[in-house]
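Student: First, the structure itself, so that you have it in front of you.
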């Protein structure tokens, strides 16, 4: 190591382990003396030579024969020598007998009336990157002003220095405890410091973290990334990931880009725990670690950093960072925020292996927004009394367990499947295995990606043997991607009309479980179109002529003529005689002297709520499903009446629900009764089951208004036939949008054209259907 002989002012190569030396800490200025100047004897003409002379003078006064000054004691023409100096700098200051800190912009002390510390905090020395480690490493540090007048020691000024720098007094007193200080807190000490070269902002911190790395000038901000990677190799301290940015941004990797992103960590401390840190490492796929990820209310993953930061309430909160799953590992989301909680059990659970990407560029962040717009999610809309007995999603690494969605990466080749079974709450039966196969494909006309999906049962091997075989092949191959492509080909080979519903045996041999697929698509402004309607059991419909298309199950049913007795399960709810009399304004025309009966299920009344005739009743007990738009998320929940629903602006009590059912209109003349030849009971021989098979749909009635339009539009539900369990496994195309508050939008619940489900369209009247009259050639009409 090159040292300056304080007597001859020449350079000598010495072994510092046996040679006492003084050292200078200063900020570089113009015309500094270099190593080459000293070797050629050209140092005396430089402005920086004065600093060398004063350093040597002070050293000699203390009986120290040698001194070290960074400007002239390192041959910067040699990259190897420069790298050695930078990697050894902290240790060199630590081993020095005394360090002289020259503050060239600190005014001279004027006497008793002048505060000797005035101007200290504004000195440039406290803003430079290299002087940070010099302050911490030096055991005996003396401060001198612009005229080389002594102004105090680090020990004497430690309180003031701690206020200026944020460095703990305990560290200023004893740098041996530096390794006990959280990484993020140490980084905060450099948050407001600068260096001439970008790379030096990382290199000047090597000694403070006890790491070494090669110098690569020209790499820019990558140097700080490499510094963090070297720190990760030496510590299990997760606070290194506690950085955040000043303004809201997109997605980021797990590493910070600058020490300035740790400025908020001055008071950070480790959270109390039985053990600190688990193994983690940086790989070519990013940060690999085994951990348990918590979940926020907004369905975002939370990585526990095992540290705490004081909050505005005066106590300390445990902190974590928000993560989002992508096809290539997790990324940091909401990088301008840290998650805070008082719940120490939030991160209690089994640990799993995860990967978090190292870096995400600005372009990569915007690209991720596009890729995540086409995730395929599953929402199990299961009626109370039925539950999942088992569940698996494949490929598992692309399944987001928190959001219940596949991360497709916007790939037209994406294929995945769900594998589950159902049971009842008493577990009296377990269904066959159910497979929902889904993927993306390019639309033939628009060229845009669109989702496709089909539902299959392991009990249907005769119909879907190839598809079930492909699923089995996937498991037998331990998840080979080839079998997913093969599964895709098997499914799409059947054409575009993929099965959207299946029927399964239930615990009751007389009834079956029905499962149907639907689509929920997120659109701009938080508008959802839910195409999954109530399952309409057509076996329970009255007979129709084959040439007459089926109307809607709730509204617009036709009339029967002649007919004069309601089917089993229905009863007379309203009547009329001729075109002008009666207690109900029937929808379909009535001839002179013709009599009319409106048939409704038992307990229902006739109603015309702004459109076609229907039957209604009010139920104060029962379950309904609420679909709402909350913070850009689809929320589907079962509510049991009476219930209280709260949205972002109001609370409403739901005391009851209005249930709609189809009305059957019967038209007849008096003479039709005599033509029946006393066989009026014949209309009782109906094909409908003993328990009515009507479809029913819900609207709500409440004791208080005040729900927003979006909340009103988001409340809808369906109930199956009495005694028939209907389960909707809704599969949806998820479109995430930016977090900006969207404009208010209404929700429409539209019918599934395949299932002929119920229609509840808010803001418009129900659809109108023409009357349907059956032939009167038969004396009786079974319904």
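Sequential numbering from 1, following the chain as shown.
For all residues, glycine too, the Cβ spot is worked out from N, Cα and C.
Caution: TrEMBL annotation is automatic and unverified by curators.
So TrEMBL has the following annotated:
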- 675-686: compositional bias 'Polar residues' (COMPBIAS)
- 21-110: domain 'Heterokaryon incompatibility' (DOMAIN)
- 222-244: domain 'DUF8212' (DOMAIN)
- 675-703: region 'Disordered' (REGION)
- 742-783: region 'Disordered' (REGION)
- 713-734: transmembrane segment (TRANSMEM)
Student: Taking residues 6+ outside the domain 'DUF8212' (222-244), which of them lie with a CB under 8 Å of any CB in it?
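Tutor: Answer is 182-185, 187, 198-199, 201-203, 205-206, 209-213, 216, 254-259, 261-262, 264-265, 268, 270, 276-282, 287, 303-307, 309, 319, 321, 335-338, 358-359.
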Student: Could you tell me the mean pLDDT over the domain 'Heterokaryon incompatibility' (21-110), as a whole number?
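Tutor: Reported value for the domain 'Heterokaryon incompatibility' (21-110) is a mean pLDDT of 95.
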Student: Mind checking how the domain 'Heterokaryon incompatibility' (21-110) divides into helix, strand and coil residues in DSSP?
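Tutor: The breakdown for the domain 'Heterokaryon incompatibility' (21-110) reads 39 helix, 12 strand, 39 coil.
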Student: Treating G and I as helix alongside H, and B as strand alongside E, what does DSSP give for the domain 'DUF8212' (222-244) in helix, strand and coil?
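Tutor: Final tally across the stretch: 17 helix, 0 strand, 6 coil.
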